[in-house]
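Positions annotated as transmembrane segment by TrEMBL: 6-23, 30-46, 58-86, 147-168, 188-210, 269-296, 303-328, 340-359, 371-388, 400-424.
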Amino acid sequence: MGKVLGDILGFILLASASWWFWVGTGYRGYINFAIVIGYVLLLYAWTDYIQLIIHNPFGFAAMLGFFLGNIEGIFYAVPIELVFLLFASLMRLNREKAATLTFVASLPVALVNSYYYPIASPMAWALVGLMAAVIEHAAIEEMAEGDVFIIPLYFMALGPIAFIPLAFQSFTGTGLYLREDEDNHIEYYPVGPAMFVVSVPLFLMLGNLVESQSLPEWLFYAHFHGIKHPTLGLIGALAGSYLMPKVIYEMYQLEKDEKDSSTSRFTSAGAVMGLAVGVIAGLLSMVVLALIGVYFQNHGYIYLAYLFVFMAFGALFIGGFAVFFLFSELHYEGKSSINQALWLWGLTLVAILQSLFLLPAAWRAFPDGRAPAILTGLAVVSLFYLQAGKWENPTLIEWLWIATLLVSAFLAGVWAGFSLWWILYRAT
């Protein structure tokens with residue numbers, strides 16, 4: 001019975017959230033980059049809900065278009081990029097615990113980098129989201145490959161408050177979208193709708209949060225300034241949607257021909273990390289070599305300067321592709337290599353604190369949604385407990401953990417429930 005009720009409520013919430021996002025963003029009269037990302041996530045929510053499919057070309061188009069369209073941000077985000085390169089190297093070496101600690105260390109770096117260079121903010125938080133996605137997929141080994149595309153997009157658009165949909169998708173997914181593979185006796189849920197229903201109020205209230213100075217604008221540069229180079233962004237989007245799928249297909253074919261018994265293998269999820277590493281390493285190497293060339297030119301070594309300029313372009317294209325291929329493999333052991341409970345506890349703690357800070361503003365912004373939000377929160381708690389509540393004789397520590405889970409389930413339902421006011425009030 002609980003499964004049926006969860007399925008019904010899950011569909012209603014996804015439909016109402018989609019309609020609310022569509023109408024709510026249409027009121028503004030313009031579409032910025034963050035809203036475009038929101039529409040991609042809306043598409044992913046429905047394809048994941050209906051077919052359990054995340055179409056990779058859209059994800060590659062959004063990411064590569066973002067990288068090139070916001071190309072200055074790459075050069076201003078060097079601190080967080082160096083942390084990301086360390087993270088990617090550790091994941092490539094199968095040092096997943098050390099990589100997870102690197103992710104934790106990246107959070108203050110991303111904050112400081114965004115504060116001093118707001119133009120770097122979308123890049124900084126996109127890399128934070130990508131690290132979290134890779135950990136979920138390759139270290140914990142729970143999320144599917146396509147889900148790795150979703151999380152960085154949320155962080156691009158929402159900055160650090162994307163921790164709310166990232167953490168709470170475990171509760172909306174388990175309570176509202178849980179499915180069962182009877183052949184393999186496993187339960188799973190589509191991440192796309194589980195994150196989207198929680199995120200829509202955040203998308204729609206972000207402008208008011210910044211205008212009221214509840215949150216600083218420098219954390220959400222993409223939401224207010226979009227991308228600086230639309231032409232480069234379009235080129236990147238086209239390359240991401242047409243070129244990257246062909247490259248990935250060829251890499252899959254090469255790997256299929258190689259009989260390798262190691263735990264390392266190429267995946268489209270790894271290709272997302274490889275793409276980011278390749279773009280960052282290629283551009284930064286090009287700049288360093290070009291500056292060396294300028295130095296030699298200023299000192300009269302013209303031919304040596306030409307050599308370094310040639311090397312700079314080689315580093316951009318040949319070096320970038322080489323790095324992409326090298327870092328597009330991840331390790332899979334069939335089990336989590338980190339403490340999964342500690343990871344979830346950390347995410348939910350951040351999301352709970354952010355929710356307690358932001359919910360008063362949501363209460364003021366969506367007064368008609370208060371009652372539906374509370375009722376949905378209670379419903380998600382009940383449904384989550386019915387699906388996952390199998391605790392017997394818990395200890396005091398376990399009771400604290402259970403309380404954290406139930407509070408998180410309630411807050412997840414509250415965020416998702418705000419969208420119901422469009423059905424209950426606007427449709428009447």
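Using the three backbone atoms N, Cα and C, a Cβ is placed for every residue, glycine included.
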Would you call the transmembrane segment (58-86) and the transmembrane segment (269-296) in contact, using three or more Cβ pairs under 8 Å, pairs 6 or more apart in sequence?
yes
Contact call for the transmembrane segment (188-210) against the transmembrane segment (303-328), three or more Cβ pairs under 8 Å
no
Please tell me whether the transmembrane segment (371-388) and the transmembrane segment (6-23) touch - that is, whether there are at least 3 C-beta pairs under 8 Å between them, with each pair 6 or more apart in sequence.
yes
Suppose I define contact as three or more CB-CB distances under 8 A, residues 6 or more apart in sequence; do the transmembrane segment (147-168) and the transmembrane segment (400-424) meet it?
yes
Which of 6-23, 303-328, 400-424 contacts the transmembrane segment (340-359) most, counting Cβ pairs under 8 Å
400-424
